[in-house]
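Q: One structure follows; several queries about it will come next.
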Amino acid sequence: MPSGPDHIGTGTAPVPLHVAIIMDGNGRWAKARRQIRTFGHKAGVDALRKTISAAPGLGVTHMTVFAFSTENWRRPATEVSDLMGLLKAFIRSDLDRLAREGVCVRIIGDVAGLPADIRECVDEAHQRTRDNSHFFLQVALNYGAQADILEAAKTFALQVKSGEAALDDLTPERFGGLLSTSGLPPLDLLIRTSGEHRLSNFLLWEAAYAEFVFQDVLWPDYDGVSLKAALDEFRRRERRFGAVEASDVASA
Ligand code: FPP
């Protein structure tokens, strides 16, 4: 089912095709258990597994998760290296299963700025799952939306400079096609856990018409039940994409 302006006037929204999640609260979850932050990130990987495996059954076909931001390098070196280790371990331990289950894995972000062993894992995940189409898992790693937008702007500027494009060719669709997220359905729903209400430089362009759901659950406690609750909230929203309902025009 398409997402976007076609849904105007259709009442409650259908199941979101593309859901993004800011998986927040690992540190607080660990602290509440008097453990180090990495303990929370480890539990966060399990929560991610549960959420990914529940998503297709709930009608979600595309999911983008924020695993590591360009700002996360500011964390203590041990936490950064533990997070990288967890990512590597996740790809090593889960790639066979994900590939078998038809999951297409795509990592977006500044992959070139990651350690060599992580880059190798990323390449392997891309190569082994690129033809899969049952479910699409996009992992934002060393990702920042502003940097992504700047890259797209530079690419278009170069296209204009080389004569491949004219300035007037620039449309939202063309620009969106230059972003690292291109090719995915429009973002329908953006979830942030842990009660924080921020975008934190995640999917700034893509979230233009997304519904936002903030859940008071710390990420390590997240699972299919939490995802279903977010989808239920999404269904209660009326999406107008900037327009008004026909009945409102008639009664004005
Ligand atoms: C935010 O919680 C979470 C992160 C910065 C990392 C998210 C990473 C994972 C869930 C695990 C690794 C992911 C993959 C794809 C294997 P926080 O540490 O900011 O928590 P706090 O706000 O409570 O301190």
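Glycine is treated like the rest: Cβ placed from N, Cα and C.
TrEMBL annotations: computationally assigned, not manually curated.
Okay, so TrEMBL annotates it like this:
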type	residues	note
ACT_SITE	ASP24	active site
ACT_SITE	ASN72	active site, proton acceptor
BINDING	ASP24, GLU211	Mg(2+) binding site
BINDING	25-29, ARG37, HIS41, 69-71, TRP73, ARG75, ARG192, 198-200	substrate binding site
Q: Which number gives the other C-beta atoms within 10 angstroms of the C-beta of GLY25 (substrate binding site), all protein chains shown included?
A: 25
Q: Show which residues of the chain containing HIS41 (substrate binding site), separated from it by at least 6 in sequence, have their CB under 8 Å from its CB.
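A: In sequence order, the residues whose Cβ lies under 8 Å from that of HIS41 (substrate binding site) (at least 6 apart) are ASN26, ALA30, GLU79, ASP82, LEU83, LEU86.
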Q: Is any of THR70, TRP73, ARG192, LEU199, GLU211 (binding-site residues) within Cβ reach of ligand 1, i.e. under 6 A, and which?
A: none
Q: TRP29, TRP73: which of these binding-site residues has the highest Cβ count within 10 Å of its own Cβ?
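A: The residue with the most neighbouring Cβ atoms within 10 Å is TRP29.
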Q: Count, for each of the recorded positions ASP24, GLY27, ASN72, LEU199, GLU211, the other C-beta atoms lying within 10 angstroms of its own C-beta, and report the residue with the smallest count.
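A: Least crowded of the recorded positions ASP24, GLY27, ASN72, LEU199, GLU211, by Cβ count within 10 Å, is LEU199.
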Q: Cβ distance under 8 Å to ARG192 (substrate binding site), same chain, sequence separation 6 or more: which residues?
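A: In sequence order, ILE21, ILE22, ASP24, ARG198, PHE212, VAL213, PHE214, GLN215 meet the Cβ cut-off.
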Q: Helix, strand or coil for HIS41 (substrate binding site)? Use DSSP.
A: helix
Q: Determine the Cβ neighbour count for THR70 (substrate binding site): the number of other Cβ atoms within 10 Å of its Cβ.
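A: By my count, 19.
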Q: Which of the three DSSP states, helix, strand or coil, fits GLY25 (substrate binding site)?
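A: In three-state terms, GLY25 (substrate binding site) counts as coil.
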Q: Could you measure between GLY25 (substrate binding site) and ASN72 (active site, proton acceptor) for me? Cα positions, answer in whole angstrom.
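A: ASN72 (active site, proton acceptor) has its Cα 14 Å from the Cα of GLY25 (substrate binding site).
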